[in-house]
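The ATP binding site annotation in Swiss-Prot covers GLY10, ALA11, GLY12, LYS13, GLY14, THR15, ARG128, THR137, PHE138, GLN195 and is backed by sequence analysis. Per Swiss-Prot, region 'NMP' is recorded for 30-59. Positions annotated as AMP binding site by Swiss-Prot: THR31, ARG36, GLU57, LEU58, VAL59, GLY86, TYR87, PRO88, ARG89, GLN93, ARG156, ARG167. Annotation comment: Swiss-Prot describes 127-159 as region 'LID'.
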Amino acid sequence: MNLLIMGLPGAGKGTQAAKIVEKFKVAHISTGDMFRAAMANQTEMGVLAKSYIDKGELVPDEVTNGIVKERLSQEDIKETGFLLDGYPRTIDQAHALDAILKDLGIDLDGVINIEVDPSCLLERLSGRIIHRQTGETFHKVFNPPANYNEEDYYQREDDKPETVKRRLDVNIAQGEPILSHYREQNLVHDIQGNQDINDVFSDIEKVLEKLK
């Protein structure tokens, strides 16, 4: 079974990816892990990627796509299948993945898309606060401190509502063309992510049992 998992930041994609891998024994291929392994093993693409990273430059798409192809060419993929997590990030990468899979003779079986309303994600992601003295992390809504005094807490720049909204907007703009691309191929399975973690996974399980 060969799968992609998609979802906006905060939608619970990482949690569900781990559950899918545990239950269905597919290889979990995340972008970060792929890059680290390729660089550690000094593969052709790994060496190229490291040269860009060492200079503080963005790794170009052709190198990222090359690393994906190297990973999908490995023997374990034929036996277990895969769950791609964090790639493709752009429509160009989605087209590149189509070409890679065709070249390797691999069919994509499904795209799991975890849907959560962006306004819920904004609340979820921008509610994190940190105690100035202890460094303890709380959430204004879901895990508030017992005695909340605003002056005693701060927010990281990354967690401020305006920063979170910008990040969500970028992800939505990049993600919509990718989802449309896979919808045209009837591969997308939308999963309601605004429910209990186990209920989300139960919905995913029902989809994947049919794809097995």
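The backbone N, Cα and C atoms fix where each Cβ goes, and this holds for glycine too.
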Contact set, same chain, for the region 'NMP' (30-59): CB under 8 Å, 6 or more residues outside the stretch:
17, 66-71, 85-87, 89
Within 10 Å of the Cβ of PHE138 (ATP binding site), how many other Cβ atoms can you find? Include all protein chains, please.
17
Here's one to test understanding: among the binding-site residues GLY10, GLY12, GLY14, ARG128, PHE138, whose C-alpha is closest in space to the C-alpha of THR31 (AMP binding site)?
GLY14
If you measure from the C-alpha of ARG128 (ATP binding site), which of the binding-site residues GLU57, ARG89, ARG156 fall inside 10 Å?
ARG156
Rounded distance in angstrom between the Cα atoms of GLY14 (ATP binding site) and TYR87 (AMP binding site)
13
By DSSP assignment, list the helix, strand and coil residue numbers for the region 'LID' (127-159), in that order.
6 helix, 10 strand, 17 coil
Reported as an integer number of Å, what is the Cα distance between GLU57 (AMP binding site) and GLY12 (ATP binding site)?
29
Longest inter-residue Cα distance for the AMP binders THR31, ARG36, GLU57, LEU58, VAL59, GLY86, TYR87, PRO88, ARG89, GLN93, ARG156, ARG167, rounded to the nearest angstrom, is 31
If you run through the region 'NMP' (30-59) with DSSP, how many residues end up as helix, strand and coil?
21 helix, 1 strand, 8 coil
Taking Cα atoms as reference points, which of the binding-site residues VAL59, TYR87, ARG156 is nearest to GLY12 (ATP binding site)?
TYR87
The region 'LID' (127-159): mean pLDDT?
92
Around the Cβ of ARG89 (AMP binding site), other Cβ atoms within 10 Å, all chains included, total 16
